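Okay, structure first, notes after.
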């Protein structure tokens, strides 16, 4: 009797989910339209509901509380092409639940609580093109044959909520992977893949993924670019590879890549330099948000689009390295400036984003930016980000100002030219002044003034000697100043008349009374000081004589000075 009961119990559980009675009655969703689209999302259904129309094409059951998909839940949806079951709490699906959906093209099972995949679910889905399995708690993608029928598949084998340190996942064991011959798109992002895990996942290079064109392994724990390149080399149809947001710190000197690879994303890592490891076939390269300080050692002749934002670059990469480059993104670096010479090296560049850098607003940079992109001239390169991203970092008075609104004075921008012009004008004015002084006998006047000042100093000393009782007596009644051209008349007529007059006058003549060896100016001043009067013989020759003019002017200055001194004394006495 006990053995019979045990047998019945085993038979009962062996029937599977199809033998379980419907514990909860199925609800009805009436939100269907004329396009045969039923929107049953976010209605707290606990089981797959029925609908009010037949031949439903699109059924949206997302954001409900469905936990199980039974064998008969989808029996009435044989015309279904799109089924959305994302963001429920599905833990189990009957192995024959999708068998009647042979026209289904898109199936979304993402963000549920599935722990494994069953090959029987997909064995009749001959039209399926898009499958989303993201955000579940897989420890395995199932036994061999699970994904062998799909052309496009997005699969993320990992829990979105479990801490990464607690996960130990095998993404795709070899018994499964050797059947994925038609797979073209594979997304394994956001898991804990390491180099070893990825190697085990894609296995032995036996043509498993020979048709794979797009591979996304971003946001994992990959650390070796060299190992990844060796692995994907076997994928001879791979076009797009996303290995961003991983833990790379360096790039090996050389790598081996598929000859078909044109799009490579290595952003969000910790790379400090680039090397010839990059494939020459690349057309789009994303190295944004790394720690690159320079990019000048790798030539990529086929590259059309280069993303370098979020690094530490101080200069634009040399344009001659990228003869085919059309789009350059280099925002949020440490660029100080760039100019026409930098852009001329990019022969085909048509779009540039270089905002959010530390621009030094020099005259050359501001003029270039305003002239090139401020509407003054039409250029072949277009700034595709906003002017608000182009702010001055220095000099300090301009910090924070938009580059296109900066106004610099001509002296700031043309300092060398202005200084050169000022020096030239000063030199010309100085030359003109010297010529003018020469024409006006200024040198002679300066010499005369210097001599007069010396004479006054000497006169002051004389007065001090007078006060002390040691004054020299006046030796002459008059000092005769005349031109050498008038010497005959002075010596034969004037001097005899004055010296033989009654009373006779004592005259000072330069020919007989000047001290030999002394400077002539000193002799003239000394003669005036030792004479009571100065007698000038005015003639045409006197006017043209330099020393005569000097003596005349000196005498006038002395007379004027003595007049003002006497006037000052009288005023002092009156006060």
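Quick reminder: no glycine exception, Cβ is built from N, Cα and C everywhere.
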Per TrEMBL, the range holding transmembrane segment, considering 416-438, 439-461, 462-484: 416-438
Long-range environment of the transmembrane segment (416-438) - Cβ separation under 8 angstroms, sequence gap at least 6: 410
Within the domain 'TIR' (474-575), residues counted as helix, strand or coil by DSSP: 64 helix, 14 strand, 24 coil
